[in-house]
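Written out below as structure tokens is the structure these notes cover.
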Amino acid sequence: MHSLRKYQVPLQKYMAMMDLQETNERLFYKLLIDHVEELLPVVYTPTVGEACQKYGSIFRRPQGLFISLKEKGKILEVLKNWPQRNIQVIVVTDGERILGLGDLGCQGMGIPVGKLSLYTALGGVRPSACLPVTIDVGTNNENLLKDEFYIGLRQRRATGEEYDELLHEFMSAVKQIFGEKVLIQFEDFANHNAFELLEKYGTTHLVFNDDIQGTASVVLAGLIAALKFVGGTLADQRFLFLGAGEAGTGIAELMALEISKQTNVPVEEARKKIWLVDSKGLIVNSRWESLQQFKKPWAHEHEPINELVDAVKVIKPTVLIGTSGVGSTFTEDVVEAMAALNEKPIILALSNPTSQSECTAEEAYKWSQGRAIFASGSPFAPVEYKGKTLVPGQANNAYIFPGLGLGLIMSGAIRVHNDMLLAASEALAAQVTRENFDKGLIYPPFTDIRKISAQIAADVAAKAYELGLATRLPQPKDLVKYAESCMYSPTYRSYR
């Protein structure tokens, strides 16, 4: 740690950590587990975003498995080249929508590598059971196509049938080699592909999309925790989203499911409490014809509104959620309008990395006279406001996906069900204490993350057994103890 702390530039710390992961895996995980709050922003967002942008020029040795369009028809052979056979989790991307940074093509490999190191450090999945995959179908990023250090195919993205066939071959090959129970996490695919892939393979494979489902589960947990202390139920709130892509619609859908579960009303009815604004304004019925399929459930009866600040004034939300991928969109007017409507406005600026955040923690507190309950996607430092220290929460998917993954693996689940995501949310929310909330936090500190992950894993596994989706029988008596016993620890073995 002493050596790492000497680096002033986050990217240098990232490179040092990646070198360590390759040369001494146990030490890498020991550091990451013991110093999780300090090193999480280095191995994951925001630093991993810069690493992906510069991946070609900082490339030392390949990590993970690259599958390109050139290997079409031979994906099974390529997968057989991976030295480990007992794979439990695959994180796969095609690099088309990396964080809020757009199309980074093959350089998106930094994301599956980073995600899987968190599966191990935070969820205790064995490193040898993790497989990062990047599917290279080209890139539409002109700068990368001209970049002498770009490591991927120098061609525009394959789409349509060619793309679908390649993905289908990959999904079939994975199942053939690694079996029914390998968890495949889709990561940073563009909207249109993300929803289609989840729908297409959700009934045949154990698949999970972190951008749609993981984000949703984390945000729902934060809201449940906040309402525990502020008072009121989820059904009493009105929600307004800026951004109607994977994260926005994913969060909205999971919230509607939870409201429906709590109040016994149909999901269609619950959706009416949730409004979304995209780049063309409020999503309303009159736009029905031009809306993408995944936005249609959110088109309500209302006259069109173009500006976010006007939508806030008219819809009168109690919760404002940003998933737009565009920085500085929660302006002073917007935050002040929220503060005028609510004693404790809940403002979540979730876009990553930090540069794309809808507003900073300081802005949210300052413009709401210190009343906002604020959380963001990337970390912000504590803010001093009128003699009080306010600590912004981080709605980081890393709270959920490692525990969820562990729960699916230890129960031998064969499908992911929405009820498992709700169970994960409720388990995370239950870990937030009054003491955390008094500081402004709606998430527990990351220092206890392995305990939290074990609790989430136990609740997810319990739900898998309840739904009849678990194959590891008989069910262990104490699921929390069993989860802890399954977790990898980076200790050196004693040899006599």
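Glycine too: its Cβ is placed from the backbone N, Cα and C atoms.
Taken from TrEMBL as is:
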ACT_SITE  K115  active site, proton acceptor
BINDING   R97, N352, N396  (S)-malate binding site
BINDING   E187, D188, D211  divalent metal cation binding site
DOMAIN    21-202  domain 'Malic enzyme N-terminal'
DOMAIN    212-465  domain 'Malic enzyme NAD-binding'
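When the Cα atoms are compared, D188 (divalent metal cation binding site) and N352 ((S)-malate binding site) turn out to be 12 Å apart.
Cβ neighbour count for the residue listed as 'active site, proton acceptor': 27 (other Cβ atoms within 10 Å of its Cβ, all protein chains included). Rounded to a whole number, the C-alpha distance linking N352 ((S)-malate binding site) with E187 (divalent metal cation binding site) is 14 angstrom. For N396 ((S)-malate binding site), applying a Cβ distance below 8 Å and a minimum sequence separation of six or more within one chain yields L40, T45, V218, G377, P379, Y443, F446. Of all the binding-site residues listed (E187, D188, D211), E187 sits in the most crowded Cβ setting, with the most other Cβ atoms within 10 Å.
Each residue contributes its Cα atom, and for D211 (divalent metal cation binding site) and R97 ((S)-malate binding site) those atoms are 10 Å apart. Around the Cβ of N352 ((S)-malate binding site), 24 further Cβ atoms fall within 10 Å across all displayed protein chains. Residue pairs drawn from R97, N352, N396, the listed (S)-malate binders, are separated by up to 18 Å at the Cα level. For R97 ((S)-malate binding site), the number of other Cβ atoms no farther than 10 Å from its own Cβ, over all displayed protein chains, is 23. In sequence order, T93, R97, I98, I111, F186, F189, A194, N209, D210, E246 are the residues of the same chain, not among E187, D188, D211, whose CB sits within 8 A of the CB centroid for the divalent metal cation site. Taken together, the residues of the domain 'Malic enzyme NAD-binding' (212-465) have an average pLDDT of 96.
Between the C-alpha atoms of E187 (divalent metal cation binding site) and R97 ((S)-malate binding site), the distance comes to 9 Å.
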